[in-house]
Amino acid sequence: MARITLRQLLDHAAERSYGVPAFNINNMEQGLAIMEAARASDAPVILQVSRGARSYANDVMLAKMMEALEEMYPDIPLCIHQDHGNNVATCLTAIQHGFTSVMMDGSLKEDAKTPADYDYNVSITAEVSRLAHMVGASVEGELGCLGSLETGHGEAEDGHGFEGALDRSQLLTDPDEAARFVAETGVDALAVAIGTSHGAYKFTRKPTGEVLAMDVIEKIHERLPDTHIVMHGSSSVPQEWQDVFNAHGGQMRETYGVPVEEIVRGIRFGVRKVNIDTDLRLAAAAAFRRVADTSRSEFDPRKFLKPAMDAMSAVCKARFEAFGTAGNASRIKVVPMPEMARRYASGSLKPQSARSEAA
């Protein structure tokens, strides 16, 4: 099985009405944990890499690691995705290193801190789409800024996130504007703002429609029934792993993530890609703490890393099952990037027209 583009994978997910978790990766242990879970679940995989991860691990190391994972798990369709690209160069160098998909986040300017206006977002996202599609790579865009509807603030992740406070209109994607954006940029997937944010501290209470606007997804799907919607900041921050973390010396304050059942609801309304990072970090860190606390003489890193990998795999398997991803890897016949490039050039992959409100 070869590497798969995000567009082909999400097209398949739409045809079969499932969602695909996109797990952030920094190192070998995360990669092995995710791929083992995928093999056990017969699930296709999206491994995504932030700019911070590229800086931490180095592009050469990441590229070789992805090659190794592809070779070790030949039956798993593997999409390699740049998360939150901040400029054209970030996206193109990712493709240069073997990524099959990139996100151009034009909701913020190049500093990844300053909210951008609509015209800037359209201009830079359309340029990345034009260039990426020439070589068959997929593009995800973002409209609206990720941040909390409770506080108006965002949470920076690897240096990416707006500073200060925004009003509610800036923190929610407008469905009509979304229809224009997809038509003007040609993106393959659209990340929307609905009140989720990066990191562990998303909500101070179990989220309701007041702070997690799932109705926005339904309205966008109604306007854009053929567009693949992406939910960012969608870790569920499992209570059981919070408890393990704190039971063994951690100091995580009370917090709530995005409930799995709400994500499943989103999948019914066009959500095809679900970004998850904190859940794997938390599971791994909790497993580390448990070993350090219960085996205080232990100093072999493998004795810490193996339980951490098992913990991450368990989270991945649960998400593959809940989102309906399980059982679909073996159903996919990968289309090579040169063929995807030909299809883009022919216009056959052009976004479908939005459904009008009157329709």
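Positions of Cβ are set from backbone N, Cα and C atoms, glycine also.
Taken from Swiss-Prot, the feature D-glyceraldehyde 3-phosphate binding site applies to SER50. The number of other Cβ atoms within 10 Å of the Cβ belonging to SER50 (D-glyceraldehyde 3-phosphate binding site), over all protein chains shown, comes to 22.
Summarising the annotation, Swiss-Prot assigns active site, proton donor to ASP83. Cβ neighbour count for ASP83 (active site, proton donor): 29 (other Cβ atoms within 10 Å of its Cβ, all protein chains included).
The local packing around HIS198 (Zn(2+) 1 binding site), expressed as other Cβ atoms within 10 Å of its Cβ over all shown chains, amounts to 23. Per Swiss-Prot, the feature Zn(2+) 1 binding site maps to HIS84, HIS198, HIS232; the stated evidence is similarity to another entry.
Residues or ranges marked as Zn(2+) 2 binding site in Swiss-Prot: ASP105, GLU142. Within 10 Å of the C-beta atom of GLU142 (Zn(2+) 2 binding site) sit 25 other C-beta atoms, taking all shown protein chains into account.
DSSP assigns SER235 (dihydroxyacetone phosphate binding site) to coil in the three-state reduction, placing it in neither a helix nor a strand. Marked as dihydroxyacetone phosphate binding site by Swiss-Prot on the basis of similarity to another entry: GLY199, GLY233, SER234, SER235, ASN275, ILE276, ASP277, THR278.
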Span of GLY199, GLY233, SER234, SER235, ASN275, ILE276, ASP277, THR278 around dihydroxyacetone phosphate - largest C-alpha separation, Å: 11
For ASN275 (dihydroxyacetone phosphate binding site), the one of SER50, ASP83, HIS84, HIS198, HIS232 that lies nearest, given that the recorded positions are compared by Cα: HIS232
Cβ-centroid neighbourhood (8 Å) of the dihydroxyacetone phosphate site, GLY199, GLY233, SER234, SER235, ASN275, ILE276, ASP277, THR278 excluded: ASN24, THR196, HIS198, HIS232, GLY257, VAL258, ASP279
Winner by Cβ contact number (other Cβ atoms within 10 Å) across the binding-site residues HIS84, HIS232: HIS84
